[in-house]
Amino acid sequence: MANVYDILLERGYIKQITHEDEVRELLGKEKVTFYIGFDPTADSLHIGHFLQMMVMSHMQKAGHKPIALLGGGTAMIGDPTGKTDMRKMLSREQIQHNADCFKKQFSKFIDFEDEKAIMANNADWLMNLNYVNFLREIGVHFSVNKMLTAECFKQRMEKGLTFLEFNYMLMQGYDFLELNRRYGCTFQMGGDDQWANIIAGVNLIRKKERKPAFGMTFTLLTKSDGKKMGKTEGGAIWLDKEKTSPYDFYQYWRNVDDADVEKCLLLLTFLPMDEVKRLSSLPGEKINEAKKVLAYEVTKIIHGEKEAQMAKEAAEALFSGGESLNNVPTIELDESSLGCSVVELLVDIHILPSKSEARRLIKQNGLTINGEKVTDSELKVTKDHFKNGELLIRRGKKNYNRIIIK
């Protein structure tokens, strides 16, 4: 079996790594227990998490043992990484609900049967810490001067970094130490924005336990223009089908830029390398065939083969002018809601997050109702717009929603 390190390297996952030669040898010789942390700050995982779970799946298939660490404790503080403002504080109840939602989604990627993987929650050890003992045992190993040079803190210094958030690095380092003590975990992985936090944990274990510990970060999922992947005019792309329908999920990947096809096939599917190279090198319009394969494969991983096939058929029916709308995201509307402007309707039924987004879409000629382009943001949506009790909204070229009257 190929060394999983070489697989991750070839597919373009690895961004930074500590002790590179040791890690490659370790992953080729021994079964390693590793972890990735996920702070439950929302009630669903999103595309950014998807890449990390693909890494976990590759690692598990190679015989290594994953720990999915839910940040029930660290979410009470909020990670300042990549944020220009302090995160909204969540209640314990919200965090617990979100953690429960995450657990269901992890099982699609990771096999937890027969102790092949572990799901842990750092609330188990963080919530009852003795503060003085924590400072004496952990705080003594952290240099404030060094912490302030970390990119995650630099970005916040101008606007103000709270002491609450400043503790996040210590707590993430302590997580690694605790997982090392409890489960023999020696390897932490995460997005490249977590490099400083990961290094902190590696150094803590090496200083305090005098044991080997390692860290690796992955490429962040960005588009060819450098912007983060996974955002649309309707908001984030979620892995929960109640928040982002399988059809919308499929369409997102079907519509990626030509320049991003190869990266997405490498990072977000299990297709063999020769097939990835063949698809990503298709010339001109033929690259659309690669996008269809990408959309199908990614949707299959997240939502299963049946949902992927239904989304594919719905997209093809709409593209060819067919009339089968059964698999298009459908919203039921109370008749009493009619008579409002199209802008208000789009926001009320959660197709778009704000009226300004709706007006911008109309201004850019990106909205149609039943095939007719909408040019007036004050257009009143009435029963006359419904054909056989249905109204079809299209955003952009290929994002559809069906509205039916209850």
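The backbone N, Cα and C atoms fix where each Cβ goes, glycine too.
A quick note: this is a predicted structure, and the numbers were derived from the prediction, not measured.
From the options 10-19, 40-49, 90-99, the stretch Swiss-Prot describes as motif ''HIGH' region' is 40-49.
Within the listed segments 83-87, 228-232, 283-287, 373-377, Swiss-Prot records motif ''KMSKS' region' for the stretch 228-232. Counting other C-beta atoms within 10 Å of each candidate's C-beta, the binding-site residues TYR35, TYR168 are led by TYR35.
Other Cβ atoms within 10 Å of the Cβ of GLN172 (L-tyrosine binding site), summed over all protein chains shown, number 27. Here the binding residues for L-tyrosine are TYR35, TYR168, GLN172. Their largest Cα to Cα distance works out to 17 Å. Under the DSSP three-state reduction, GLN172 (L-tyrosine binding site) is assigned to helix. Per DSSP, the secondary structure of the domain 'S4 RNA-binding' (340-406) breaks down as 19 helix, 21 strand, 27 coil.
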